[in-house]
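Have a look at the structure below, then the notes.
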Amino acid sequence: MASSVTPLGSWVLLHHHPSTILTQSRSRSPPSLITLKPISLTPKRTVSSSSSSSLITKEDNNLKSSSSSFDFMSYIIRKADSVNKALDSAVPLREPLKIHEAMRYSLLAGGKRVRPVLCIAACELVGGEESLAMPARCAVEMIHTMSLIHDDLPCMDNDDLRRGKPTNHKVYGEDVAVLAGDALLSFAFEHLASATSSEVSPARVVRAVGELAKAIGTEGLVAGQVVDISSEGLDLNNVGLEHLKFIHLHKTAALLEASAVLGGIIGGGSDEEIERLRKFARCIGLLFQVVDDILDVTKSSQELGKTAGKDLIADKLTYPKLMGLEKSREFAEKLNTEARDQLLGFDSDKVAPLLALANYIANRQN
């Protein structure tokens, strides 16, 4: 990812290859130019070409068997319940009451808890205990909630409904909503830094803090959001798939990526394992957004628990708008396959939650 965002008119979009996801190059470019380079999503293998085909087929069959026999709904309900209890404990109702009420209103409003579950599953995949990841998974959910509060504000998406309830600023006012988001953002880092078990080395905690900070700044969420805002009303002839990918690799995938990477770091994963988790999460992050865009034009507000069709009304750039509905569905299937490819070679039992999570994101209905 690049360290800055340049004006929309100066983008140069490179060709898209089916086996890559495009992200920004770290090399210095002229101020008016953003270059993109492909990152291969295919995990490195050490097997010979003569045996690779049979090995891949065997591994893929093992993954499919593991995924199909795994009760993901029971898993996610159980993990989400433990996350909800931890969040309730981490952010108690105290003085000043109004700000803590506003923080808790959005933080404890339910939701799928996909990011904390991803953090847990990644931690366990590399051999860590679930308890080690508790502060990290709470931190990513606090930051995710902050992003929702701010995203719903009149100056952003101007939304009235979130998770089936009035948005934070509709209940507490814009001023308190902004402060509630700010408070959740700062407390997320405090919680990650101070509540992580002493079993985790200080070096790994510092690394986790750095990853989380990067994911939400101008190399992550903020970059995606500002380009998204600037893209409203753009002529489709002037943008392409890579442009839309940039937005959502930063705005949506970055925090999912951080969730998986934090789990891998806290769980004691190797650099190779952490990078494979990063690429897996990057794929499901894009997948999440593609499906979200599809649902926005195919489901009602009641079914979604939030305002349906808002992107169409706001003239936002979306995958169905750029590619059409059927091509968007095909792209979602491709991303799910690429995500699964990153998990080849891991223990089939430990990898089951991540496989099921990818399928859940691909097939969700709200």
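Just so you know, glycine gets a Cβ as well, placed from its N, Cα and C.
Pulled from Swiss-Prot, these are the features on record:
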type	residues	note
BINDING	Asp151, Asp157	Mg(2+) 1 binding site
BINDING	Asp151, Asp157	Mg(2+) 2 binding site
BINDING	Arg162, Lys251, Thr252, Gln289, Lys306, Lys316	dimethylallyl diphosphate binding site
REGION	44-65	region 'Disordered'
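Of the binding-site residues Thr252, Gln289, Gln289 has the largest number of other Cβ atoms within 10 Å of its own Cβ. Within the set of binding-site residues (Arg162, Lys251, Lys316), the lowest number of other Cβ atoms found within 10 Å of a Cβ is recorded at Lys316. When the binding-site residues Asp151, Asp157 are compared by the number of other C-beta atoms lying within 10 angstroms of their own C-beta, Asp151 comes out lowest.
On the backbone, the CA of Thr252 (dimethylallyl diphosphate binding site) and the CA of Asp157 (Mg(2+) 1 binding site) stand 15 Å apart. Looking at Asp157 (Mg(2+) 1 binding site) and Lys316 (dimethylallyl diphosphate binding site), their Cα atoms lie 10 Å from each other.
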